[in-house]
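**Q** Pasting a structure here, questions to come.
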Amino acid sequence: MLVGVTLAGSEGIGWQIGLGIACWSGILFFLLTRFGLREVVTRSVPQSIKLGLTASIGLFVAVLGFRNAGLVLANAKTNALMLGDFLSPGALVALCGLFLAIALQARKIPGSILWAILFATLVGIPMGVTRLPGSFIDMPHSLTPVLGQIDMLGALNIAFLPFLFVFFASEFFSTMGTTLAVGGEAGLLDEEGNMPHINRPFMVDSIAAAVGPWLGIPAATALIESSAAAEAGGKTGLTALSAAVMFLLMLLFTPVALMIPKEATAPALILIGLNMFSGLRKVDLANFTDGLPVLMMVMITLIANSFGTGIAGGLLFYVVI
């Protein structure tokens, strides 16, 4: 988003330089991780903020799911959210998937969200929401046009330092929030809200962030969608490897993956997000110094549409109080 919209679109900066900025940000991540500074910063975050992280990100994910489903829309005139048309084809498809997912989860049936996505995708075919591809087997576009097309030296221009800082700060807080939120969902956090050996996922993230731009990927980082695996019971590296193998196999079936509409995946985001939001009960909201920063973190996350910004805002309010 930063490279495509802000740098290349608004500022007129070449996307090659944007990739260079992303790469330098990844290198900074790697150095901070290598010397343990990222872990020090993460451990210094107050426990209430760590506990509220999962709830903040959960609400962010749930709202995203409602918007993808067409159940909630952005009102440009009032600059606020509004209810969508529940009888529109997309909303009906999402509701069908949501009701099925709820029914299956209530009966503790494994893979309930996956079955709901498949069901909603099939329901969307006669309703015109799911568009069948011409072929079910095809390879994705080649990386050749963007492979290695990165301007590392151009990115070092002093005029681009503000963009480097923004990219670094947003990715730093987003990755920290994602790691702690997914770790909390998987039950990997200790009593103080810290994750043992957190430097390991941080190291993987920093290497991906530095290598990704060379492949034309400006933001190869940890994604909150990983919470779906934690929700299903995944807690080890085998879960990540299994997902990676499935992604690799899906390269042959790219049209099938692209066929699944966002309305079909919306129920997964809604249920996972709401489940994560339930973690708010662990925060002592009666304590003003703990409750207010968490509340502001949740509000800023929704207003800014960025949980990285929300985390930064919550920390700022905690320091002020």
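Placed from the backbone N, Cα and C atoms, the Cβ positions cover glycine too.
Unlike curated entries, TrEMBL annotations are predicted automatically.
Checked TrEMBL, it gives:
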type	residues	note
TRANSMEM	12-37	transmembrane segment
TRANSMEM	49-66	transmembrane segment
TRANSMEM	86-106	transmembrane segment
TRANSMEM	113-132	transmembrane segment
TRANSMEM	152-170	transmembrane segment
TRANSMEM	238-258	transmembrane segment
TRANSMEM	292-320	transmembrane segment
**Q** Spell out yes or no: are there three or more C-beta pairs under 8 angstroms between the transmembrane segment (292-320) and the transmembrane segment (49-66), with each pair 6 or more apart in sequence?
**A** yes
**Q** Pairs of Cβ atoms less than 8 Å apart decide it: which stretch in 12-37, 86-106, 152-170 has the most with the transmembrane segment (113-132)?
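**A** Checked against 12-37, 86-106, 152-170; highest Cβ contact count belongs to 86-106.
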**Q** Hey, which bits of the same chain come close to the transmembrane segment (12-37), Cβ under 8 Å, at least six residues off its ends?
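**A** Non-local partners: 2-4, 149-157, 160, 163-164, 167-168, 171-172, 175, 199, 202-203, 205-214, 216, 218-219.
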